[in-house]
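Participant: Here you go, one structure.
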Amino acid sequence: MEAIKKVFEQKKAQDATAFVAFVTAGYPKKEDTVPVLLALQAGGADIIELGIPFSDPIADGPVIQEANTVALKNDIDYPTVLGQIREARQQGLTAPVLLMGYYNPMLAYGEDKAIQDAAEAGANGFIMVDLPPEEAIAFRQKCAASNLSYVPLIAPSTTLKRIQFLASIADSFIYVVSKMGTTGSSANVAVNEELPTILSRIREYTHVPLAVEFGVATRDQFNYVADAGADGVVVIGSRIVNAIKAAGEGQVPQFVENYCREVSGKGEPSRVRSPGAAQRTPSQLTPNAETAKGVENILPARFGQFGGQYVPESLVDALAELEEAHKSAIEDPAFWEEVRSLYTYSNRPSNLYLAENLTKEAGGANIWLKREDLNHTGSHKINNALGQILLAKRIGKTRIIAETGAGQHGVATATVCAKFGLECVIYMGAEDVRRQALKLFRIEMLGGKAWVIPVHSGSCTLKDAVNEAMRDWVTNLSTTHYLVGSAIGPHPFPTIVRDFQKVIGEEIKAQLKEVRGKLPDVVVACVGGGSNAIGTFYDFIPDKSVRLVGVEAGGEGIDGHKHSATLSMGQPGVLHGVRTYILQDKAGQIIETHSISAGLDYPGVGPEHAWLKDSGRADYVVCTDEDALRGFRMLTQKEGIIPALESSHAIWEGVKIAKSLPKDKDIVICLSGRGDKDVEQISELLPKWADKLDWHVSSNAIPSK
């Protein structure tokens, strides 16, 4: 910490601006990191930010994403990064080094140990991109105990109350994001002209130095930021990565040094700065629970230890706006009247159907199907899409983005956008596009305002579609609403999705009471992100006599890694802005998942499900691909109802439970979607499974490939 303070003190005495440089550890090769660190210093870097790679960054542009991916392929993890700092120190690195990254790898390593080991390795502090304020206080105290700095981030959208709080926890400098969007820079784009005003606003609350990041790529841009009153200028790694790419074999350190000299002006005559932003006498604050009140949520943000907002600073204001709009809406009878007025469009209430043949097959409890598959667009997803569209209109958004896996949420979102005349962009993993090609056509058939963008990063599935949608939202906050499809993501998304899906459970309770005069004994739903399941479960949580059963995708079996059984096999962590159960490796990197059903192929789960699991209120079990196919076949052939592959997981487990119960009991299974979308996929898969399932469909009916 003291080394960082000393840099800014020396620069102030020289009437100069500190040069802060960023590079991703392990890029382009593991062995390049130490020479690159030394080259940054030789090129004039006063402080170095060393990026800890993460598999699923949500605020980084394509260049840094690529650097993260390459670094992870080079087996870079937290201990490796610390080893590189040690080696660089031994070879003469004296510049302060800040470790910059996302919280989950540190959480997996162990927060206390991560801080202690960083200090011993020679690091000087941390910049955590997605650490919430309530946790930042404790984290900062731990850092200070090891003489490490915690550097908070402030964005152009940060409110004055939040600036006041963040300024109170800054001990060496504040990292100021000068423009909204993902990381990246361009020599041809001007730095935010409002920068002097932004810096002046922050200085009302602090005397610590301000280092400005985003958009700096050239010496002229560096000088502009310095003249605006910045105490430090951050040259983000995208430009340094491009310099590395331009280098030939063995030339990386020299190219990096040359670029840094060009930007920093090292070796050139000293330059007199233009008068900067006016200095004010800041109010002095001590970080505590009282100062954190400026960043409190107006709706409950956590379910036990799960939930929260683990997001970049640039998203915080948009989430607060959304939270306030949702609270206002759900307290407004006119809003719910408008929602209910659309039930004739979405085909609510959905039927509660007694599956007599399935019940007879099981020989136990009555099996009831909640027919969400009969909704407009073919699944429960329309409930949430309609509710969020009305919210988006309420806050004046004109552009809608969404992620989709099986395509059901994509179709529902594109459909309601067509109805309300809004622009619509759907992100879909390239693998899911392959599995659900007809869904893509159906979305784009809805009109010129709707289109699908295939995502080719990572595993090319739902997880990666969420990443891209998040990045889009960060960049286009003023016009865009991110219509999240499942009960995932940062607060308030899990609450919003639940509030628009809980109609499922409310209807089940009323409908079964009408025909049976009682509550169900068991309710069953499939669980990926968990929207249909939380919608089914929520109204029954206080009813302790009702057993809640969520069915996860067991894939090829949970004894290996090809599954999506997050609650059964995962550990608590942070993914896509929320603390919940996730599937991760020992280093805190998100692992690739597998399910025969695209909609369940996700390595996280809604935080309310995580709480229901840990509290023991709900049980979560797994169903393999094979058993899901058996459930698909069973319902299709016994009832003439073709279920979605996602719902087939719940069908299999529901029948299994029904067999164990007496005939006077009632089990309700949420049939979350219809299987029209999966018929082509089943026809392609069936030859592989035919003998194992003893399911032989005429070869003339199966298209040859």
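Every residue, even glycine, has its Cβ placed from backbone N, Cα and C.
Pasting the relevant annotations from Swiss-Prot:
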- 1-293: region 'Tryptophan synthase alpha chain' (REGION)
- 266-287: region 'Disordered' (REGION)
- 294-705: region 'Tryptophan synthase beta chain' (REGION)
- LYS381: N6-(pyridoxal phosphate)lysine (MOD_RES)
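Help me see these features in their spatial surroundings.
Facilitator: For the region 'Tryptophan synthase alpha chain' (1-293), the model's average pLDDT works out to 89.
With a 10 A radius on its CB, LYS381 (N6-(pyridoxal phosphate)lysine) counts 31 other CB atoms from all the protein chains.
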Participant: With DSSP assignments reduced to helix, strand and coil, which class does LYS381 (N6-(pyridoxal phosphate)lysine) get?
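Facilitator: DSSP assigns LYS381 (N6-(pyridoxal phosphate)lysine) to helix.
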